[in-house]
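Novice: Annotation source Swiss-Prot lists transit peptide at 1-33, citing similarity to another entry. Annotation source Swiss-Prot lists N6-succinyllysine at LYS66, LYS181, LYS223 (among others), citing similarity to another entry. For LYS66, LYS181, LYS190, LYS202, LYS223, LYS257, LYS263, LYS273, LYS338 (among others), the entry in Swiss-Prot reads N6-acetyllysine. The active site, acyl-thioester intermediate annotation in Swiss-Prot covers CYS126. Look at Swiss-Prot and you will find TYR219, ALA280, ALA281, ALA283, VAL381 tagged as K(+) binding site. The CoA binding site annotation in Swiss-Prot covers TYR219, ARG258, VAL259, ASP260, LYS263, SER284. Under the heading site 'Increases nucleophilicity of active site Cys', Swiss-Prot lists HIS385, citing similarity to another entry as support. Residues or ranges marked as active site, proton donor/acceptor by Swiss-Prot: CYS413.
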Amino acid sequence: MAVLAALLRGGARSRSPLLRRLVQEIRYVERSYVSKPTLKEVVIVSATRTPIGSFLGSLSLLPTTKLGSIAMQGAIEKAGIPKEEVKEAYMGNVLQGGEGQAPARQAVLGAGLPISTPRTTINKVCASGMKAIMMASQSLMCGHQDVMVAGGMESMSNVPYVMNRGSTPYGGVKLEDLIVKDGLTDVYNKIHMGSCAENTAKKLNIARDEQDAYAINSYTRSKAAWEAGKFGNEVIPVTVTVKGQPDVVVKEDEEYKRVDFSKVPKLKTVFQKENGTITAANASTLNDGAAALVLMTAGAAKRLNVTPLARIVAFADAAVEPIDFPIAPVHAVSMVLKDVGLKKEDIAMWEVNEAFSLVVLANIKMLEIDPQKVNINGGAVSLGHPIGMSGARIVGHLTHALKQGEYGLASICNGGGGASAMLIQKL
């Protein structure tokens, strides 16, 4: 090293071409190392959600943006910070038709945040809520902001029907349901998402009775979780005001109570009449709800004297053929585990969104993970699936359900063949 140092101190003319090249490379490496940025640690300091309402049920009088406002306000109050500390917000929302301009902006102002608070509405279909958390985390990691709110919201009860613009054709007009058109249809194969799931069931040889059994287990787990108070730290009550009537306070998810197990094996299949496997019982339902998390850098948490609940460890997106969307989480999860050097055995709890029972069974089968660690308190089949909310809901639930030091991995598929996954660690 001393000889090399002496050579480096020598004049340029005394160096051979090879040595000059070596000097340049060493200096380049040194500059690169010194200037390499360090990402900030991002923590979750609160995670709340509304109860999930059934389609045209208890929350149907509230628009998407109002549900978003309630979830945001609840998360900020739980965090115990002034609203002025929130510097930006991202909210997932899929079915935006008829909601008015900039739904996330409406939610932000409805929650009482300052007029100067920037906001962005995220649409990654069912993964929208999780993607909002991912994008907020990236902004915090790079130091662009230090306190943010992120989550997702959806009122499927309030999604309108639409008709094409133009002259009225002979025979009348045709109305289309935007829930189906913009939320539940594979635009590439021109089929319902359920038909895509049937394709996966056939490929992986996952029978109807397996899916029915999984659905019954989901309902059983959700009921047990509510009775044991497992959702107490995340669900905030929602007051619904009806003119001329007493206010109604909604405190619990509505969907898990609406099941008759004796009818589950008798239901007709919905998407494939012959040899089909998917029914109304083993698929998720149409629902209303919102979830929000307050995220900040570890430095901001210290500055604000806030105790973090969990830290964001890693996240990833993946994509496959659109028709194969049910297995896309397999790839996103694998990317996350590879990035952080963990094995599936290191994960204490898994949340795999139950768009269909088939989705969870397919991911358990392909990832070879322990079913007893997956969706231990139920999932979208029994709790409900407001599509813009669900990705945020499962991250928020892990935040509360994990024990100190444990890792939890949430994943969710989305239309078009995509998926998102996020790894957190309880603090």
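Each Cβ is built from the backbone N, Cα and C atoms, and glycine gets one as well.
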Novice: Using only the Cα atoms of TYR219, ARG258, VAL259, ASP260, LYS263, SER284, which the record gives as binding CoA, return the largest interatomic distance in Å, rounded to a whole number.
Specialist: 16
Novice: Considering Cα atoms only, can you say which of LYS66, TYR219, VAL381 is the nearest neighbour of SER284 (CoA binding site) among these recorded positions?
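Specialist: For SER284 (CoA binding site), the closest Cα among LYS66, TYR219, VAL381 is found at VAL381.
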Novice: Tally every other Cβ atom lying within 10 Å of the Cβ atom of LYS338 (N6-acetyllysine).
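Specialist: There are 11 of them.
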Novice: Around TYR219 (K(+) binding site), how many other C-beta atoms are within 10 angstroms of its C-beta?
Specialist: 21
Novice: Write down the Cα-Cα distance for VAL259 (CoA binding site) and LYS338 (N6-acetyllysine), rounded and given in Å.
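Specialist: LYS338 (N6-acetyllysine) to VAL259 (CoA binding site), Cα-Cα distance: 40 Å.
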